[in-house]
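Now, the feature entries from TrEMBL:
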type     : residues : note
TRANSMEM : 20-44    : transmembrane segment
DOMAIN   : 37-286   : domain 'G-protein coupled receptors family 1 profile'
TRANSMEM : 56-75    : transmembrane segment
TRANSMEM : 95-116   : transmembrane segment
TRANSMEM : 136-159  : transmembrane segment
TRANSMEM : 196-221  : transmembrane segment
TRANSMEM : 233-257  : transmembrane segment
TRANSMEM : 269-288  : transmembrane segment
């Protein structure tokens with residue numbers, strides 16, 4: 001009831017009038033390519049029996065997740081590039097924040113699950129079919145989504161109860177936690193503490209799982225006598241490792257200390273990387289570095 005602001009103004013990136021159309025075209029092309037790439041990966045996995053394995057089941061879920069992930073941010077960003085009215089309602093801002101945090105947190109945990117899948121496949125190959133059953137994979141995926149929804153709901157409860165008085169300008173291109181904490185006119189220390197603790201849990205626990213899995217994978221691969229065998233074993237997880245490095249490195253920069261990092265302009269540039277660039281690159285990394293996906297793609301398009 002104390003909230004006086006009914007809408008926010010997303011400042012985004014100041015762009016000269018002569019470059020607005022060029023920026024809009026580039027962002028629109030990136031958005032359409034990202035959606036198309038991830039849709040094609042889902043289609044290829046669904047239509048090829050050779051890809052009906054746990055690894056590609058998780059990859060299909062990752063592609064499905066990233067279609068919605070970019071759709072929460074980029075359409076509004078495209079409208080704001082050409083429009084003079086960059087307002088977003090308070091309810092719209094909270095909705096955008098809720099779904100964005102849900103998808104980000106879910107992706108963190110899903111990438112950790114994919115790392116665990118590679119650990120079981122390489123370090124325990126004989127037990128792999130018994131451990132990574134279809135039912136267990138579905139349960140892991142559901143757990144990823146439930147953790148993402150629970151985390152975003154908790155964060156939103158503390159963010160939405162803040163008071164926003166006369167300051168209605170958000171120095172960002174979407175509603176994120178750090179800019180909202182900065183413009184609040186009430187004490188945001190509790191909200192910031194809750195956000196930091198949840199971010200620490202959602203980021204560090206999956207990161208520890210990823211690091212532990214790949215350390216075990218590395219030791220197992222080094223024990224393989226032939227160089228060809230070592231290369232074949234590690235090639236199955238090189239794409240995933242590349243995606244993990246891209247996603248974790250960019251988001252850790254932003255969410256390590258949300259309110260402090262917001263004071264730097266570099267924060268917006270890094271946000272562009274994990275909201276626009278990384279989702280565009282992920283399908284390309286999996287397709288270009290994965291022989292099975294390339295063969296399945298060629299077979300799908302041939303049919």
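Placement of Cβ uses the backbone N, Cα and C atoms for every residue, glycine included.
Within its own chain, the transmembrane segment (95-116) has Cβ neighbours under 8 Å at 55, 58-59, 61-62, 65-66, 68-69, 72-73, 76, 88, 140-141, 143-145, 147-149, 151-153, 155-156, 159, 174-177, 180, 202-203, 205-207, 209-210, 213-214, 237, 240, 243-244, 247-248, 251, counting only residues six or more beyond its boundaries.
Most Cβ pairs under 8 Å to the transmembrane segment (196-221), among the stretches 20-44, 56-75, 136-159, belong to 136-159.
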